[in-house]
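> First, the structure itself, so that you have it in front of you.
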Amino acid sequence: MGVFVVLLSIATLFGSTSGTALGPRGNHSDCTSVDRGYQCFPELSHKWGLYAPYFSLQDESPFPLDVPDDCHITFVQVLARHGARSPTDSKTKAYAATIAAIQKNATALPGKYAFLKSYNYSMGSENLNPFGRNQLQDLGAQFYRRYDTLTRHINPFVRAADSSRVHESAEKFVEGFQNARQGDPHANPHQPSPRVDVVIPEGTAYNNTLEHSICTAFEASTVGDAAADNFTAVFAPAIAKRLEADLPGVQLSADDVVNLMAMCPFETVSLTDDAHTLSPFCDLFTAAEWTQYNYLLSLDKYYGYGGGNPLGPVQGVGWANELIARLTRSPVHDHTCVNNTLDANPATFPLNATLYADFSHDSNLVSIFWALGLYNGTKPLSQTTVEDITRTDGYAAAWTVPFAARAYIEMMQCRAEKQPLVRVLVNDRVMPLHGCAVDNLGRCKRDDFVEGLSFARAGGNWAECF
């Protein structure tokens, strides 16, 4: 395959809603779109935090998405999260245990709980599901179509972190990209298919800008867990009390409540290859409770990997410095988590490419977005009260790192400008940039954009890792 498998040991979201239960069923033909993402059950699925399937935020963008007529794109970097997956191993065990305890202890399972009588947990763990694979094929097609003046003749240089769901996501992106090209009568018919060019091992023995592992103090941090525990203690007991009243014989902890809520998104994305069937777990909770759940997951990521953790943003500094190198076509300067052996080799880190695609995990995307300063306007999130999306400066896990999340960093040349302009799109939302002078379309001059990444260029507070 020509893939470099590196084995080098070098180091609708927070707003309040009514308290009625939600139980819609979707039309599967309308559930997914290459350009708009997941379109079913938006009043619910947009409140699933990082377990939400990608949906376009174009309508929420403060700047227009279209490229002006007097400009043309000259460079694109896409950074994407893997597609929808089964729960992790530890979560799989926790979810199954909660369900088994209810089945064992409940003396009655009436009405909307009746499905639990014969429910058998069978989602597996860790890996992409068919819906997640389709999401990444759609991303490949979207990337091809959006930048077709380039993609008709140029292949992206593709990297992935070496976990099965991330690597497979990159492969599915390539597949979707090539399928779109083959359906384009204007494409170069002699252009070979792109491939996954570099797969970077994960773990504490490897420097890897697409997966955090080597910052010792960060890996030992409990800041995110503590924040999540604080808010869980605020909202979950009332839900547990309500459920216990409906389920005689059952006693539920706060963690049990969160486990049952998580079953809703995970099962929905696993039941069909387009997620058109809503899990019966979703009907067990009210709209107001889903608003609280969504905030919990956003809080967890903010304090775990974003601006709420003193060592969160620096986990993304290595990738930010790689972006600078690609934008400026100059060697990488970094002393954090960059793999210097890879990045010094033009075969594994070219500087002359036009299109780049990197694939990673949600947590890494959060750190990278903060290292880029995209959410510098987000103030510390309350650990006791739900804050509306307008108060978080556009940050929410469902808006930021849903399944198949994608950020596009575009560079464009415009007739009236001597220097190229840069803008950043997160899930189709053109981001208000910080640290550089932004024009009325959300763009900065490239050199100003790079200069504004002072936190990354200085290496952040990486020295505090050890």
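Easy rule for this one: first residue shown is 1, then count along the chain.
Cβ coordinates are placed from backbone N, Cα and C, and glycine is handled just like the others.
Pasting the relevant annotations from Swiss-Prot:
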ACT_SITE  H82  active site, nucleophile
BINDING   Y51, R81, H82, R85, T88, R165, K301, H361, D362  1D-myo-inositol hexakisphosphate binding site
DISULFID  C31-C40  disulfide bond
DISULFID  C71-C414  disulfide bond
DISULFID  C215-C465  disulfide bond
DISULFID  C264-C282  disulfide bond
DISULFID  C436-C444  disulfide bond
CARBOHYD  N27  N-linked glycosylation site
CARBOHYD  N105  N-linked glycosylation site
CARBOHYD  N120  N-linked glycosylation site
CARBOHYD  N207  N-linked glycosylation site
CARBOHYD  N230  N-linked glycosylation site
CARBOHYD  N339  N-linked glycosylation site
CARBOHYD  N352  N-linked glycosylation site
CARBOHYD  N376  N-linked glycosylation site
SIGNAL    1-19  signal peptide
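Each of the listed features needs to be described in terms of its position in the shown structure.
Look at H82 (active site, nucleophile): DSSP puts it in coil.
Around D362 (1D-myo-inositol hexakisphosphate binding site), the same-chain residues at least 6 positions away in sequence with a Cβ under 8 Å from its Cβ are L50, R81, K301, A397, V401, A405.
Non-local neighbourhood of C31 (disulfide bond): Y38, Q39, C40, D274, A275, H276, each in the same chain, at least six residues away, with C-beta under 8 Å from its C-beta. Look at C31 (disulfide bond): DSSP puts it in coil.
Its Cβ placed at the centre, C414 (disulfide bond) has 18 other Cβ atoms within 10 Å. A strand conformation is recorded for C414 (disulfide bond) in the three-state DSSP classification.
Secondary structure from DSSP puts C215 (disulfide bond) in coil. Taking a C-beta cut-off of under 8 angstroms and a sequence separation of 6 or more, C215 (disulfide bond) has the following same-chain neighbours: L311, V314, Q315, C337, W462, C465, F466.
Cβ-based neighbour count (10 Å, all protein chains) for C264 (disulfide bond) stands at 26.
Take the CB of C444 (disulfide bond) and look out to 10 A: across all protein chains shown you find 22 other CB atoms.
Secondary structure at N105 (N-linked glycosylation site), as computed by DSSP, is helix. All protein chains included, N105 (N-linked glycosylation site) registers 13 other Cβ atoms within 10 Å of its own Cβ.
Neighbour list (N120 (N-linked glycosylation site), Cβ cut-off 8 Å, at least 6 residues apart, same chain): empty.
There are 24 other Cβ atoms within 10 Å of the Cβ belonging to N207 (N-linked glycosylation site).
Same-chain residues at least 6 positions away in sequence with a Cβ under 8 Å from that of N230 (N-linked glycosylation site) are, in sequence order, Q383, T384.
Proximity of N352 (N-linked glycosylation site) to non-local residues of its own chain (separation of 6 or more, Cβ distance below 8 Å) is seen for R329, P346, given in sequence order.
In this structure, N376 (N-linked glycosylation site) belongs to neither helix nor strand by DSSP; it is coil. A 10 Å cutoff on Cβ-Cβ distances gives N376 (N-linked glycosylation site) a total of 16 other Cβ atoms nearby, all chains included.
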> Which residues of the same chain, at least 6 positions away in sequence, have a Cβ lying under 8 Å from the Cβ of T88 (1D-myo-inositol hexakisphosphate binding site)?
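Long-range Cβ contacts: S125, E126.
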> What span in Å does the 1D-myo-inositol hexakisphosphate site cover, taken as the longest CA to CA distance among Y51, R81, H82, R85, T88, R165, K301, H361, D362?
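That value is 20 Å for the farthest Cα pair.
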> Taking Cα atoms as reference points, which of the recorded positions Y51, C264, C282, N339 is nearest to N207 (N-linked glycosylation site)?
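Result for N207 (N-linked glycosylation site): the nearest of the recorded positions is N339.
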> Might you list, by sequence position, any residue in that chain lying six or more from C436 (disulfide bond) with a Cβ less than 8 Å away from its Cβ?
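Listed in sequence order: C444, K445, D448, F449, E451, G452.
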> How big is the gap, in Å, between the Cα of C264 (disulfide bond) and that of C414 (disulfide bond), rounded to a whole number?
46
> Which whole-number value in Å describes the distance between the Cα atoms of N339 (N-linked glycosylation site) and H82 (active site, nucleophile)?
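It is 21 Å, counting Cα to Cα.
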> Please tell me which one of the recorded positions listed here (Y51, N105, C282, N376) sits closest to C71 (disulfide bond), measuring Cα to Cα?
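With Cα distances computed to C71 (disulfide bond), the winner among Y51, N105, C282, N376 is N376.
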